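**Q** According to TrEMBL, the record shows the following:
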REGION    1-20  region 'Disordered'
TRANSMEM  76-99  transmembrane segment
DOMAIN    80-527  domain 'Major facilitator superfamily (MFS) profile'
TRANSMEM  119-140  transmembrane segment
TRANSMEM  147-166  transmembrane segment
TRANSMEM  172-194  transmembrane segment
TRANSMEM  206-227  transmembrane segment
TRANSMEM  239-258  transmembrane segment
TRANSMEM  337-357  transmembrane segment
TRANSMEM  372-395  transmembrane segment
TRANSMEM  402-422  transmembrane segment
TRANSMEM  434-453  transmembrane segment
TRANSMEM  474-493  transmembrane segment
TRANSMEM  499-518  transmembrane segment
Amino acid sequence: MTPAGGSYEALASDTGAEERVDVEPSLASDSLLGIQRGGIVLETPHGGSLTVHADGHSYTYSYGPSGITGLFRNRYATGCAIFASIGGLSFGYDQGVIANVLVMKDFLARWPISPWEKGLMTAVLELGALFGALSSGILADKYSRRHSIFLASVIFCIGSGLQAGARSLNDLIIGRAIGGFGVGALSMLAPLYMAEISPPELRGSLIALEQLAIVLGVVFGFWIGFLTRNIGSSASWRIPLALQFIPGTSLCLGCFFLPPSPRLLVLRGRLDDAMRSLAKLRLRTPEEAAHDPLIQLELLEMRADTALVRRGAGTKGGEGMHDWTQLFQYKYRDRTLIGVMMMFFQQWSGINAFLYYGPTLVRNIGLDGDKVTLLVSGGVGIIQAIAVIPAILYIDKWGRKPLLKGGSAVMAISHFLIAILIRQFENDWPSHSAAAWLAVTCVYTFTAAYGMSYGPIGWILPSEVFPLSMRSKGVSLSTASNWLNNFIIGLVTPPVMEISPAAAFLIFACACFAGYLWSSHIVPETANVSLEEIDALFNSSAGQEDSRVKFELERELGVHDLVRNLVTNRD
């Protein structure tokens with residue numbers, strides 16, 4: 001994630017006089033800013049910097065260094081983001097723990113469930129999450145990010161309590177549906193809050209904590225269940241389910257100590273409160289913030305973004321169904337399909353089938369014994385956690401499209417080989433242990449490919465293709481696609497595995513192959529692409545229209561004057 005920035009009215013200083021030049025962002029030239037062609041870097045108080053580029057109209061700014069150094073330097077914002085990421089940990093833990101519960105001896109002896117019941121118990125969480133994700137955006141704007149996180153955490157704890165204390169299978173299913181609502185809400189609220197409190201130079205790193213928290217939650221949930229599996233009572237599965245209270249109650253008790261989102265305060269017109277919150281998040285006192293140009297600049301940009309969204313809503317007649325149907329009109333249709341289909345292929349790649357039914361799937365490729373199957377399937381989460389790291393570090397350098405194509409190809413081949421091995425040796429696995437371990441290798445290869453491609457890009461791509469005025473609705477619709485397909489996968493995987501394990505893997509192979517064709521011929525490359533270039537990729541002017549309107553709003557609010565004055569007074 002690059003530092004924040006924008007466009008402004010350039011300053012022609014080579015004549016010795018200030019001159020306001022009204023230019024559209026896409027029309028400015030190198031000669032408008034009469035400074036060295038490499039641009040200038042203005043040092044600001046407390047280690048910040050404002051870089052005015054040589055194109056004569058654009059700028060970026062940062063409060064300090066990025067990466068590890070920046071995370072340690074701004075410990076407060078980092079700590080707030082880490083705490084908010086507990087929502088992702090809850091989401092991942094629930095995914096990881098259910099794989100063990102479904103094969104525990106006491107659980108199966110108590111409730112000998114059919115494949116359809118197993119699928120329903122798993123998929124109902126995704127259905128609850130779908131409604132939680134769709135409703136959380138409304139709650140977050142109507143009340144606040146922190147209060148909505150509190151409510152989602154309470155709902156998650158109620159669902160966890162019903163699961164841990166279940167006296168019947170229905171109790172467990174209802175508990176997972178309620179808990180799923182909380183999980184779905186947290187899956188949107190936590191990243192939203194993290195993005196809104198992050199300094200620009202750390203936004204990518206801090207949001208990446210959410211994905212890391214999800215994967216770590218999967219690992220913790222799986223291995224805690226692995227450690228309790230041999231307890232000779234219902235405690236074997238009640239304990240790991242009850243431990244969901246720890247992240248849930250932590251969020252409930254701690255979210256009120258988090259600072260309010262300055263962007264939400266701006267949206268409500270509480271500019272003084274927004275200034276105080278922003279100053280705290282940027283490690284400034286109120287007195288320092290009043291004279292810090294970066295604080296002033298960021299606050300003005302928040303006001304411009306808010307005005308742009310409000311102006312778009314007013315033009316379309318307010319927030320209503322019409323706003324959502326805009327996503328399917330010609331101007332946005334291609335972008336909407338990219339977001340929705342990205343989440344479709346992410347889920348139908350088969351990753352969550354491994355997470356939910358890891359032990360069951362591994363048994364179907366010939367490994368006997370609970371310890372072996374749990375150890376092998378538990379490695380899926382670990383491999384995924386490791387594979388995400390290089391993707392986070394190099395995804396802007398490698399690009400989205402090559403990673404999607406390569407990941408699709410590797411995943412399709414892995415699934416296809418597993419299907420062949422099952423079909424060939426499923427009736428005599430003990431005599432073909434090498435084939436079984438080859439299948440396990442394919443599982444791990446698939447997981448690594450997913451962690452470097454569909455996993456992170458599934459969340460990145462939808463946020464890049466939509467222009468600002470439609471971004472929140474576009475991302476919401478894409479997220480809804482994620483949960484809907486997640487629900488379907490969780491529901492149909494057990495019965496399909498019961499009928500034919502080879503067919504299940506063949507279905508996933510076909511989905512990955514379709515994803516390869518889709519990423520090769522439909523998906524544009526969005527890495528390091530500007531808003532105007534994004535429009536060219538989709539043969540649309542939607543983003544340029546937003547850019548022009550925002551440019552005028554920033555001029556009205558004084559963003560351009562602030563940048564020009566900083567350049568003028570740099571000596």
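Glycine is no exception: its Cβ is also placed from the backbone N, Cα and C atoms.
A TrEMBL annotation is a machine prediction, not a hand-curated record.
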**Q** Which bits of the chain, at least 6 residues beyond where the transmembrane segment (499-518) starts or stops, bring a Cβ under 8 A of a Cβ in it?
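**A** Residues packing against the transmembrane segment (499-518) from afar: 341, 345, 348-350, 353, 361, 364-365, 404-405, 408-409, 411-413, 415-416, 418-420, 422-423, 426, 454, 493.
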**Q** On the 0 to 100 pLDDT scale, where does the domain 'Major facilitator superfamily (MFS) profile' (80-527) sit on average?
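**A** In the predicted model, the domain 'Major facilitator superfamily (MFS) profile' (80-527) has a mean pLDDT of 84.
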**Q** Which bits of the chain, at least 6 residues beyond where the transmembrane segment (119-140) starts or stops, bring a Cβ under 8 A of a Cβ in it?
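**A** For the transmembrane segment (119-140), the nonlocal Cβ contacts are 94, 98, 102, 113, 148, 151-152, 155, 159, 169, 172-173, 176-189, 192, 264, 356-357, 472, 476, 479-480, 483-484, 486-495.
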**Q** Any contact between the transmembrane segment (147-166) and the transmembrane segment (372-395), i.e. 3 or more CB pairs below 8 Å with pairs at least 6 residues apart?
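**A** These two segments do not touch.
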**Q** Counting Cβ pairs under 8 Å to the transmembrane segment (76-99), which of 172-194, 206-227, 239-258, 402-422, 474-493 comes out on top?
**A** 206-227
